[in-house]
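For reference, the structure is listed below as structure tokens.
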Amino acid sequence: MEHVKVGIRNNLQQFTLLVIITAFIGGMVGMERSLIPQLAEKIFHLASKTAMFSFIVAFGATKAITNYYTGFFANNYGRKNLLVTGWLFALPIPWILMYAPTWNWIIAANILLGLNQGLAWSSTVVMKIDLAEEKNRGLAMGLNEFAGYFAVGLITFLVAYLAAEYGLRPYPFFVGVVFSIAGLLCSIFFIKDTRSQMTLAASATDTSGELKNVFWGTTLLNKNLSAVTQAGLVNNMNDGMMWGLYPLLLHAKGFSVAQVGLVTAIYPACWGIGQLFSGRLGDFVPKKRFLFIGMFLQGLTLLVLSTASALQFFIVLSVVLGLGKATVYPIFAAAIAENSHPQQRAQSIGIFRFWRDLGYALGAVLTGVLADQFSLQVAIIIVGCITLLSAFIIKIRMQLLKA
């Protein structure tokens, strides 16, 4: 029987493969990031922002529910099995986006994308935490989220370039065909399950830290877990707004498809690159500090964004907003893991990711209604204020975590 070891260095090949697969997962989202709002406006002629953002609601709600069950089933059915299943759901997505005859087909594709992201990305998060030692979990999450979100930014720019050269459909979506096939094959033939590492960690941990009710402990009752969870929800609420609203805002300012693609790509690219540093620093600096600074920076940037008009200003704000995201994102999962018993870790991470990604749906609905009733700028201001409030909830409610 193969000797089981914990630690990134001891599992370097598997850890590296999981980072690469996370980049494929991020690429599936990047394929949509700048194009779907423009498809809604130019191909399907949707006037209502609420209807236009329905694809984000479908994606966010599906991914949130899938995250929950991924955490619940990870111990029973295996991380690898869930990862492979997630990639099976990805296979039809790019083909639907290429040839969808009605907007309902786009919504259906985003339900499949939510299943793919919830199963595949959640599995890679849990597997990396299983493999990493406690002292390196921030680094593990930084590498994970760097790979995913840098890929989002890179592919967002690539598909925007392809769209500017060859049209919105079908050619930009062929990148999704490549990622879905590569992700599935790598997951089947090269990835090993990590339940044995989780069992090893659990055997070395007493049961005093176990939650009586993991759902309510993570959601509300445990101060640290619930503080992190609400910040995750608000973080993705404002990202859900940016996903749907940012391309439309830039288009309304008169920018070209290529310029819109550039600005919307810079934001997730900085989000990804910044996590290389914030994830590792989170292993040494108290996590509460990172979370407060990151959420505060996001909220402040959104308030300034509502007044922007020049392309250069949008580029700078995209960089700052991306760095605000990078400051918190790898810390979220590391903080949840730090406050969870190993036997409950996958479930607690799944519950956190349920609420976090429900933020996509809430953000899309809220900003769609506000944009329809008032304006795009009002929607940005209100979500910016909610983000600032979330920062102060972290500051007041969260106990100072060890580094």
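Numbers here mean position along the shown chain, with the first residue as 1.
Each residue, glycine too, has its Cβ placed from N, Cα and C.
Since the structure is predicted, the reported quantities are computational estimates derived from the model, not experimental observations.
Per TrEMBL, the features are:
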type	residues	note
DOMAIN	11-402	domain 'Major facilitator superfamily (MFS) profile'
TRANSMEM	12-31	transmembrane segment
TRANSMEM	51-70	transmembrane segment
TRANSMEM	82-100	transmembrane segment
TRANSMEM	146-164	transmembrane segment
TRANSMEM	170-191	transmembrane segment
TRANSMEM	290-308	transmembrane segment
TRANSMEM	314-337	transmembrane segment
TRANSMEM	349-370	transmembrane segment
TRANSMEM	376-394	transmembrane segment
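If one looks beyond the transmembrane segment (314-337) by at least 6 residues along the same chain, the residues whose Cβ comes under 8 Å of a Cβ in the stretch are 125, 129, 134, 137-138, 140-142, 144-146, 149, 218, 224-225, 228-229, 231-232, 235, 239, 242, 250, 262-264, 266-275, 277-279, 282-283, 287, 290-291, 293-295, 297-298, 301-302, 304-305, 308, 345, 348-349, 352, 356, 401. Ranking 51-70, 82-100, 146-164, 290-308, 349-370 by CB pairs under 8 A with the transmembrane segment (12-31) puts 146-164 at the top. Segment contact is absent for the transmembrane segment (170-191) and the transmembrane segment (51-70), given fewer than three CB pairs below 8 angstroms at sequence separation of 6 or more.
Summed and averaged per residue, pLDDT over the domain 'Major facilitator superfamily (MFS) profile' (11-402) gives 91.
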